[in-house]
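K.L.:
Annotated active site, proton acceptor per Swiss-Prot: K158, in sequence order, evidence recorded as sequence analysis. The feature S-adenosyl-L-methionine binding site is assigned by Swiss-Prot to G48, W50, D68, D88, D118, with sequence analysis given as support. According to Swiss-Prot, the feature domain 'TRAM' maps to 205-263, an assignment based on sequence analysis.
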Amino acid sequence: MSGKDDYYNRAKQEGYRARSAYKLQQLDDTAGLLGEGRTVVDLGAAPGGWMQVAAERIGERGTLVGVDRQTIDDLEDPEPTVEYVRGDMTEDSTKDEIREIVGESDGSGGPVDVVISDMAPNMTGQYDLDHARSVHLVRQAFEVATDLLDAGGDFCAKVFDGQDLDDLIADIEPEFEYVREVRPDASRDSSSELYLVAKHRLTGPVREGDIVEATIEDIGEEGDGIAKVENFTVFVSGVEDGETVEVRIDDVKPRYAFAEPVE
């Protein structure tokens, strides 16, 4: 028996509902998605293997919401708060139900720390078609994620490799600090699946390369000027307190950015 098939037997022995549970374990070990106390939304959660792993890792202070068109059987004695939403993730009513569960954010983004998706299309055996359908599912999940994620939040979704992958990544990248491709060891050797891990949701009004006018309101401990762009903090090098200058955004983080004056 191959090591890949062995994951199926391990899942049965260890009480996981699907072998995909090990993929999420490996993704979390690699990318740090499921920290203690985080609020997690699992899209396309049935039968619940990813929910089992998420519940173990976010602990009693966490909140976990499983979303699927199918009924998800309740987890056995989970530590965190666990809720189930039966519905279409693209419908406003479904997103409203999620928000009712997790509440509103205190920050500039949504109320959720992590959105994960292991969804796959019904397979046709036609590689290009299956790839295109998987890309469409990721785009739908991405739309939900950008609506729900708080500043600094993370997004992880399965996609099949193919010709549209680069365009998909290019569309996701501006909304996060970075995006990487991860292929868990638990994926079958014959599978073209990979996971896009997008870290640190950006909700500020600026992006890398933007040129904006900034008034320096203070000087920080490191000597950089401190400006506000729509209440978003921008650190500007080589300026003095009280100056109003055009600056180019060099780097963007979830809660602040770095810039230099335009010469």
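We number each residue from 1, going along the chain as drawn.
Backbone N, Cα and C atoms are what each Cβ position is placed from, and that goes for glycine too.
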K.L.:
Take the C-alpha atoms of D88 (S-adenosyl-L-methionine binding site) and K158 (active site, proton acceptor) and report the distance between them in angstrom, rounded.
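P.N.:
Rounded to the nearest whole number, the Cα-Cα distance is 18 Å.
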K.L.:
Under 8 Å Cβ to Cβ from D68 (S-adenosyl-L-methionine binding site), same chain, six or more residues apart: give me those in sequence order, or none if nothing qualifies.
P.N.:
L43, G44, A45, A46, V85, R86
K.L.:
Please identify which of D88, D118 has the densest Cβ environment, defined as other Cβ atoms within 10 Å, among these binding-site residues.
P.N.:
D118
K.L.:
Provide, as an integer number of angstrom, the distance between the C-alpha atoms of G48 (S-adenosyl-L-methionine binding site) and K158 (active site, proton acceptor).
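P.N.:
Cα to Cα, G48 (S-adenosyl-L-methionine binding site) and K158 (active site, proton acceptor) are separated by 16 Å.
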K.L.:
Whole-number answer please: how many Å between the C-alpha atoms of W50 (S-adenosyl-L-methionine binding site) and the residue listed as 'active site, proton acceptor'?
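P.N.:
So the Cα of the residue listed as 'active site, proton acceptor' lies 12 Å away from that of W50 (S-adenosyl-L-methionine binding site).
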K.L.:
Of the residues named as S-adenosyl-L-methionine binders, G48, W50, D68, D88, D118, how far apart in Å are the Cα atoms of the most distant pair?
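P.N.:
That value is 18 Å for the farthest Cα pair.
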K.L.:
What is the number of residues in the domain 'TRAM' (205-263) that are helix, strand and coil, as DSSP sees it?
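P.N.:
Per DSSP, the residues of the domain 'TRAM' (205-263) fall into 0 helix, 34 strand, 25 coil.
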K.L.:
Pop the Cα-Cα gap between D118 (S-adenosyl-L-methionine binding site) and the residue listed as 'active site, proton acceptor' into the table, whole Å please.
P.N.:
5
K.L.:
Kindly assign K158 (active site, proton acceptor) to one of the three DSSP-derived states: helix, strand or coil.
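P.N.:
Note: K158 (active site, proton acceptor) is in a strand by DSSP.
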K.L.:
When you measure from the Cβ of G48 (S-adenosyl-L-methionine binding site), how many other Cβ atoms are you left with inside 10 Å?
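P.N.:
Within a 10 Å radius of the Cβ of G48 (S-adenosyl-L-methionine binding site) lie 23 other Cβ atoms.
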